[in-house]
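Chemist: As annotated in TrEMBL:
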- A:9-522: domain 'Cytochrome oxidase subunit I profile' (DOMAIN)
- A:27-48: transmembrane segment (TRANSMEM)
- A:68-89: transmembrane segment (TRANSMEM)
- A:153-179: transmembrane segment (TRANSMEM)
- A:191-219: transmembrane segment (TRANSMEM)
- A:251-269: transmembrane segment (TRANSMEM)
- A:274-295: transmembrane segment (TRANSMEM)
- A:307-332: transmembrane segment (TRANSMEM)
- A:344-366: transmembrane segment (TRANSMEM)
- A:378-403: transmembrane segment (TRANSMEM)
- A:415-441: transmembrane segment (TRANSMEM)
- A:554-572: transmembrane segment (TRANSMEM)
- A:578-596: transmembrane segment (TRANSMEM)
């Protein structure tokens, strides 16, 4: 294996990443792509806040503003938050369950490239006649009326990247069900793995609703159907249902992994096992389940009538209970612990008050009668940013600092990390707290400007100032990444010193086969248990033997590229004569490469026992 | 510890009360200045839920600070590994459930109360309702208000009597909008598919505080000028409302301009504008043909196009180039270039379109 350790040229590295099926490299791809889209979405957010800094501003025009707000939401949810969460799931979950990779490494790669090409397709709209402008929810009457190809980019781009997400979710489910190391029962799985498991189940059931909705939208806009045209017997409200049957579980798809990351952090940096582990698992499953019962609370003002509104109001309030259980369990994980405030822990600790604030406004929004005032006002904007930034983005920052050494073998600078934290924390509350009041004072959301004399000037300006703090924080993080990468000081297996789960028992970054011998898991926090008994690492569960590994493949890239090409054909079919041929060529590329994949047997290869014995410094110490 | 918790709770309430009283926004716009039964119901729910939530936050905050300060790492000891506590877990499951019940009951009752539009269905001998009904039709970026019982139509400025329930039928004619008068009550969407119904009540005293003029908003993204799709609500005592209705009903034919300048303006209007804008309130044209706001009482209104000051200067600016003020509106380009003389005449004429004697 020594040849694999040699330094490779840039071209070879690039080719390696284009063809890789290794979950750790795919995690890095997700991190880079998701990080890029996060910066893009952040830039759009800055444009929004600059435009709203003063009344009657003309920094961007009305139409362009709608494109920016749509792309900010769409990018942040689908192309930044989800891929970044997938990055951590990919990087960590297989290690946590003691697996050598995910169940379907090929599909893992396919999932990434579908997401990537979908995201690129969506963002190309900026250069090809204008981005979508109907909001990330793309409500049917407006999205059907919208001129140009913006909404087509939205529908086709999300369709492609959504397929990638669905594939990823199924892959994680199968992995967790089938590939746990000996002794790793369900109730010994780390909390982040549990979160990944429930999230993947949510993806499996939620994304098909979006897929169906998007197909109907694509048919209406590009192929002359009338699903959403009331004049032709269609119905626009059905889109709202489709969207939110997907959209509400989506919120939990984002936030449950965030909960998982925080659960790991609280335990590690308090040196205590997670308080009430089984009730945490139960709460996670319950949140996932209830998440499907409450979509219509996004539609209280649609006119569903008091019976539906009351039922969904009460169902929504119920979610506060398992969420509350989690908050108290985290607090009592720290209670009696030995807390050290590293950068990940700072994010985790700050998450609690921030998320509680978002949670309680969630209960207020759940109360249908008062929601009529909050709905589509800045109060809602404040609420979901408290939940998604205070919950998910905090977790992404925390996770980045926590798992950076495991992914790259070197630690992010703690001092700069803390500066990032302080700036972001201040900026976050400065930006969004005041927005609750803006909403209550009568400011609707998604407005490109506001008129003077309505009492909204000061608060909007304050909010804009806060946004700049957050931007500064992200810049500090980028500097941190560059410095860390240049220095590249290597760290050992357990750089934080208090690692509890299996990923901290192996080198950072792990060898490409993860575990030389699968570890034997003897309880929750498997690695911690061994450490407490004075052992250096995990006991192996199997004798040293050959390891079966999958071959790299370029086919996932080609399959995704074919759909990318076909999407252009579908979109320009009505405008240009080359539309249909391009659609056909694109589909041929995709189907052809799927055909090749099907008929060409790829049995992978084996790492031989002798080669493993040569590298006794790597892998699990027996 | 208990005393500490109590003290914190109290101080948080005090701060909350201060914040609420100091920052309650403008009386004509803010939901925190409820100016009617609906908004009041919602405000009461807000206060109740805020109180419960502040209580929850206080408990979390207390535990949070104890944890963060008391259990910092001092030495290298390994703390006791605690699995959990059934007693504690039951406590923090049951108490939130009770708190939610306290909120759920008034929520459900208010939800049904606010949706009660049975009065709208009761027809008298004439086939009309005794209740005051307004049909609201939302359009890319303007509002039409039709009073079916009174058989009059107006646009952009809703006129309503105070201290009585006003019932609304809501629909949109192009894309989805949402009808929201923040100070008076929560919103309801104007769908393209179906009519939505609800009621509002405008409080007389609160209307005085707001100079009888509430701000209305579109609350659903509907296109570039969504932000500018404002309307105004003139809430007046019921006798004044009746006078207005009578005055409107008396306009059977388009009002004839009096001055020479205004007459010239009327001519311009009849050549360029009347295809879309009606100047008689009993508009018998079908909805689809009512392409723009009814201007019967344009001179009485408080804003031009819902957003600009009601001055001749602003009117002329608007007529010169509506696109600058409302991007994406449907008026731009529907009439030829107007000369300055024509603009002077037209604005003189339009400003003279009044039904109420001043």
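Including glycine, each Cβ sits where the backbone N, Cα and C put it.
Could you give the neighbours, burial and distances for every feature on this list?
Modeler: Counting only same-chain residues 6+ beyond the ends of the transmembrane segment (A:191-219), those with a CB under 8 A from a CB of the stretch are 85, 88-89, 92-93, 96-97, 138, 140, 143-144, 151-152, 155-156, 158-159, 162-163, 165-166, 168-170, 172-173, 176, 225, 227-228, 239, 242-243, 245-247, 249-250, 252-253, 256-257, 259-261, 263-264, 267, 274, 277, 280-281, 284-285, 287-288, 291-292, 501, 570.
Panel annotation: around the transmembrane segment (A:307-332), residues 259, 262-263, 266, 274-276, 279-280, 282-284, 286-287, 290-291, 293-297, 300, 348, 352, 355-356, 359, 362-363, 365-368, 371 of the same chain, lying at least six beyond its termini, place a Cβ under 8 Å from a Cβ of the stretch.
Nonlocal intrachain contacts for the transmembrane segment (A:554-572), taken as residues 6+ away from its ends with a CB within less than 8 angstroms of a stretch CB, comprise 18-19, 106, 109-110, 112-114, 116-118, 120-121, 149, 152-153, 156-157, 159-160, 163-164, 218, 222, 578-594, 596-597.
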Chemist: Residues sitting near the transmembrane segment (A:153-179): Cβ under 8 Å, six or more positions beyond its termini, same chain?
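Modeler: 70, 74, 78-79, 82, 86, 89, 93-94, 97, 99, 102-104, 107-108, 110-119, 121-125, 128, 131-132, 134, 138, 143, 189, 193, 196-197, 199-204, 207-208, 210-211, 214-215, 217-218, 221, 560, 563-564, 567, 570-571.
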Chemist: Between the transmembrane segment (A:251-269) and the transmembrane segment (A:378-403), are there three or more C-beta pairs closer than 8 Å, counting only pairs 6 or more apart along the chain?
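Modeler: Judged by the Cβ rule, the two regions touch, with the required three close pairs present.
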Chemist: Taking contact to mean 3 or more CB pairs closer than 8 A (sequence separation of 6 or more), are the transmembrane segment (A:68-89) and the transmembrane segment (A:378-403) in contact?
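Modeler: By the criterion, they touch.
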Chemist: Quickly jot the same-chain residues contacting the transmembrane segment (A:578-596) by Cβ under 8 Å, restricted to those at least six beyond its ends, or write none.
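Modeler: Residues 555, 558-559, 561-572.
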Chemist: Across the domain 'Cytochrome oxidase subunit I profile' (A:9-522), what does the mean pLDDT come to, as a whole number?
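Modeler: Average per-residue pLDDT within the domain 'Cytochrome oxidase subunit I profile' (A:9-522): 95.
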Chemist: Near the transmembrane segment (A:415-441), which same-chain residues lie under 8 Å Cβ to Cβ, leaving out any that are not at least 6 residues past its ends?
Modeler: 49, 343, 346-347, 350, 354, 357, 361, 373-374, 377-383, 385-386, 389-390, 397, 401, 454-456, 459-460, 462-474, 476-477, 479-480, 483
